[in-house]
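Asker: Sharing a structure with you now.
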């Protein structure tokens, strides 16, 4: 009788050990996943910082380019105004006979 009860006890101990091993494996997997997630978050943070620096550089460069083209436009408008003024001046001078 004692052997039968001991055999049942051994089975119960083995079952408990098996469950403990299963829980241990699950916990190990969970810890590994958490560590992997932490690494992924670190990688994403680094990417975000790089993108932020790149976007800041792009913003600065685009502002410089916009300013450069604005000045080109202003110079062109001033040049056109000067040419139109000179043409009008010649027309007025010819009309009044200043060159005769």
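Any Cβ shown, glycine's included, is placed from N, Cα and C.
Sharing the feature lines straight out of Swiss-Prot:
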MOD_RES   1  N-acetylmethionine
TOPO_DOM  1-75  topological domain 'Cytoplasmic'
MOD_RES   5  phosphoserine
MOD_RES   18  phosphoserine
MOD_RES   28  phosphothreonine
SITE      33  site 'Interaction with STX8'
MOD_RES   48  phosphothreonine
MOD_RES   54  phosphothreonine
MOD_RES   55  phosphoserine
LIPID     64  (Microbial infection) N6-stearoyl lysine
LIPID     68  (Microbial infection) N6-stearoyl lysine
TRANSMEM  76-96  transmembrane segment
TOPO_DOM  97-100  topological domain 'Vesicular'
Asker: In angstrom units, rounded to an integer, how far apart are the Cα atoms of residue 64 ((Microbial infection) N6-stearoyl lysine) and residue 55 (phosphoserine)?
Answerer: 14
Asker: Tell me which of the recorded positions 18, 28, 48, 68 ends up closest to residue 55 (phosphoserine) in space, Cα to Cα.
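Answerer: Looking at Cα distances from residue 55 (phosphoserine), the smallest one goes to 48.
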Asker: Check the Cα-Cα distances from residue 68 ((Microbial infection) N6-stearoyl lysine) to the recorded positions 18, 33, 54 and tell me which is shortest.
Answerer: 54
Asker: Per DSSP, how many helix, strand and coil residues does the topological domain 'Cytoplasmic' (1-75) have?
Answerer: 74 helix, 0 strand, 1 coil
Asker: Would you count the other C-beta atoms found within 10 angstroms of the C-beta of residue 28 (phosphothreonine) for me?
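Answerer: Neighbour count, Cβ to Cβ under the 10 Å cut-off: 10.
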Asker: Between C-alpha atoms, which of these modified residues comes nearest to residue 28 (phosphothreonine): 18, 48, 54?
Answerer: 18
